[in-house]
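Shown next, in structure tokens, is the structure this report addresses.
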Amino acid sequence: MLLFGFVVFAIVFIYFLSISSPGAVPGQAEAEAVRAEAYYAYQENYWRYNESVSEYEFMLISDMDKMSKEGEKTWVGVMKGGVLVRDHDGAYQVQWKFEKKLKSAYNEAGRGMELSELTYFNGKLLTCDDRTGIIFEILVEETIVVPRFVFTTGDGNTDKGFKCEWMTVVHDKLFVGSIGKEFTTNGKIENLGSQWIKTIDTQGRVEHIFWREKYEELRKHLKVEYPAYMVHEAIMWEPRKKHWVVLPRRYSTEPYDEKLDEEKGTNIFLLASPDFKRIETGEIGKFDPLKGTSSFKFVPFREGEILQLKTIEAGDTVESYLSVVNLNTGKVLMEDIKVGDVKFEGVEFI
């Protein structure tokens, strides 16, 4: 009996030692939490997800251009929320949940609330106005936008709002970029303001960085050097593989022409090393010259799969579409579904 009691004590002691020891292997939940924080340290909204999740909440934000004006002193944007649902076969569908207006009095020369991207960073859901250059925080429950930063074009020493078009979190910084194309008038380069990017760290410190060389590397790889061009609205840093993923909005082997540009959409994507010296190219989904990618996000912890937002702007036609595609295989996991006759330009999981 004494021996039996000793054995039981030893087993219980070893068990408690194993679960309390700092060197013990964590359980699945703890391991997933560690991975979440490692990959998305400053995007806490992603921590709720893991490889076994089948429902993902997301939100879209609109850029209605001149249609954003409502009354004399008010400009509006639309936020639209839904749930992306994954079935057992890996296919997706969308369930819409809400649609609300956001209002602001901030504008530049009578234009404002032309919201072109949506990203969660450092505890805040951020969007950027590509007319004023204002980075707003969206308070979803209160349905208001709060200015947090104001960017001007180029190196920041100008009085023109920065045409912000894409945002992504890289380590502990938010990168905010523009279209990456030279601003031209009648074929003449006027300025390179859209080839600068801005970074914001977790303390709110801002840097202005000339990114022309990186944009040029992408163009060289596809043989679309000036006066040919690409327009960028969707550039993301992939935290697991540590590379850039680029889905151009426009791709043209010809000089820029405002009318012809409407049919320069593309289904090309590029994967670039951190320094943009090694680049791979592929195609995803069906090619439609009217559609171009305005934003995308990696499905959390399924980073090979992306939720892709595409838009059409051709004459009087304005439409937005959502799809899900596997970048690794090219397989379409959700065909284009029409979001509406509104130009949505930002998407984020919330």
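Every residue gets a Cβ built from N, Cα and C, even glycine.
What TrEMBL says about a protein is an automatic prediction, not a curated fact.
Over in TrEMBL, the protein carries these features:
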BINDING   Ser116, Glu117, Glu165, Glu233, Ser294, Glu345  Ca(2+) binding site
SIGNAL    1-18  signal peptide
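Within 10 Å of the C-beta of Glu165 (Ca(2+) binding site) we count 26 further C-beta atoms, all protein chains included. The DSSP secondary structure for Glu233 (Ca(2+) binding site) is coil. With a 10 A radius on its CB, Glu345 (Ca(2+) binding site) counts 29 other CB atoms from all the protein chains. Glu165 (Ca(2+) binding site) carries neither a helix nor a strand DSSP state and counts as coil.
Residues Ser116, Glu117, Glu165, Glu233, Ser294, Glu345 make up the record's Ca(2+) site, and a Cβ search at 8 Å around their centroid adds Asp63, Asp130, Cys164, Trp166, Ala234, Arg249, Ser295, Gly346 from the same chain.
Just so you know, the Cβ of Ser116 (Ca(2+) binding site) picks up 26 other Cβ atoms within 10 Å once every protein chain is counted.
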